[in-house]
Amino acid sequence: MSYGGGYSSSRDHYGGGHHSGGSGYRSGGYGGSNGYSHGNSNGYGSYGGNSHGSGVGSHGGGHHGDRMSNLGSGLKQQEWDLNALPKFEKHFYKEHPNVTNRSAQDVEAFRKEHEMTVYGKNVPRPVETFDEAGFPQYVISEVKAQGFAKPTPIQSQGWPMALSGRDVVGIAETGSGKTLTYCLPAIVHINAQPLLGPGDGPIVLVLAPTRELAVQIQAEITKFGKSSRIRNTCVYGGVPRGPQIRDLSRGVEVCIATPGRLIDMLEAGKTNLRRVTYLVLDEADRMLDMGFEPQIRKIIGQIRPDRQTCMWSATWPKEVRQLAHDFLHDYIQVYIGSQDLSANHRITQIVEIVSDFEKRDRMINHLERIMDDKKSKILIFTGTKRVADDITRFLRQDGWPALSIHGDKQQNERDWVLNEFKTGKSPIMVATDVASRGIDVRDITHVLNYDYPNNSEDYVHRIGRTGRAGAKGTAITLFTTDNAKQARDLVNILTESKQQIDPRLAEMARFGGGGGGGGRWGGRGRGRGGFTASNAAPLGHNRRW
């Protein structure tokens, strides 16, 4: 039998049912006055809202508006007396003789071959086979039954680190095998703890940004936890709470959750985190991207501070570094791949040197070419809210179906705009960096940097909105002489990803210096630009799309 919450164990498997509900939008228009509700457009005026903060659309993610920011306000502040807490075991790693006998040169060569860099004190050596990892036989047999030949690089180094009981940071691309890197040590951890008693919450908590990822993680834990009869549940928004509540009340050793729905459950008293001694933050960068940082902080505040914490991320921006600094203790880190700031190699990067006066014409030229393909979806970044409103108004008056999203827009309007963009009803969205933190749209084909950001990290972050999930993408950047101080960093990124470089940009890099200055988010902009302003500008009669 199947419920949309996803309780599973070796004894009974209530699958992590995919439910497409929870988008929070009802059909029907706002009326003709706003210039949007053409045909079957879902209207702003009938916005229903998702009562569980699962996000807009089917991703169950970053709906970080008024309600999300208040999530967790009902949670009681925990005061921890470590001496009074029950003791628990977290040190399981015993180095295999084969690993011990390898020379330091062999270890270094193995790490170099697999682009593996480690940081921290007394980092364990990597293992090269499943048997060397030191997992109990019941875990090894499950792994070998799946037909894996040998550990992936992140597993080779990550397993000894996680089994050692230390706090761990792992930076590796999606698809690198990181789920098993924390799942198998989690199973060993659970089996070393006392059994759950009545009213106990989970022992292992995995936080993930989206319901899709949460369900994938659940499938792995179900597969490898079967022989240990480990029970798990998947807790995410957009589906009925009943089955999830039922799972939690029965007792589960593992809870995989998106932050918003987990806080719902904690505030409602449906579970607690008193027994959690192994915490995983998966795709930490994406969770922060989606606006979940306040919720993550509130959740971690409910967990005993001597827990083991493992943080996994595809990138290592300063926000993720800050989270690690705040919540991990004396952590060890493994980095798979180059540590230079680099862009996704599936993205074609086009940088054009222009004057400020040429920007609008260049943008229109690109739109005319891009929007010939009706499947195209373009995200345009500006440096300020004022510019976002100005070019949205300009585009709409020229007949382009553009909408803007920034910090001065009301949350319900931002949600509505995002849904129009996701569904392709308005395939052009203009955004500032701050507002883009809540954008999790997989099928963006193009990113256009109308204004260049204040630093290279933000550039890589912006263009990473396209080329997701194995797809190709295109990023177009309008670069002016005012941006010259960023030229050297930009050329380095373009060179690393083997892109063509405009000779004028190369010249700027030689003479214009490097290293970005300025504030994190660019200018502040003036004016509120509410729903009756740029987004309400009627589409011009010369329909361009």
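Backbone N, Cα and C atoms are what each Cβ position is placed from, and that goes for glycine too.
Feature list (source: Swiss-Prot):
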| type | residues | note |
| --- | --- | --- |
| BINDING | Ala172, Glu173, Thr174, Gly175, Ser176, Gly177, Lys178, Thr179 | ATP binding site |
| DOMAIN | 362-509 | domain 'Helicase C-terminal' |
| REGION | 1-20 | region 'Disordered' |
| REGION | 50-72 | region 'Disordered' |
| REGION | 512-545 | region 'Disordered' |
| MOTIF | 282-285 | motif 'DEAD box' |
Students should find that the Cβ of Glu173 (ATP binding site) has, within 10 Å, a number of other Cβ atoms equal to 12
Tell me the Cβ contacts of Gly177 (ATP binding site) under 8 Å, same chain only and six or more apart in sequence, or just say none.
Pro151, Thr152, Ile154, Gln155
If you run through the domain 'Helicase C-terminal' (362-509) with DSSP, how many residues end up as helix, strand and coil?
69 helix, 23 strand, 56 coil
I need the least crowded one of these binding-site residues (Ser176, Thr179), counting other C-beta atoms within 10 angstroms of each C-beta.
Ser176
The number of other Cβ atoms within 10 Å of the Cβ of Lys178 (ATP binding site), counted over all protein chains shown, is 25
Could you break down the residues of the motif 'DEAD box' (282-285) into DSSP helix, strand and coil, giving a count for each?
2 helix, 0 strand, 2 coil
Can you work out the mean pLDDT of the predicted model over the motif 'DEAD box' (282-285)?
92
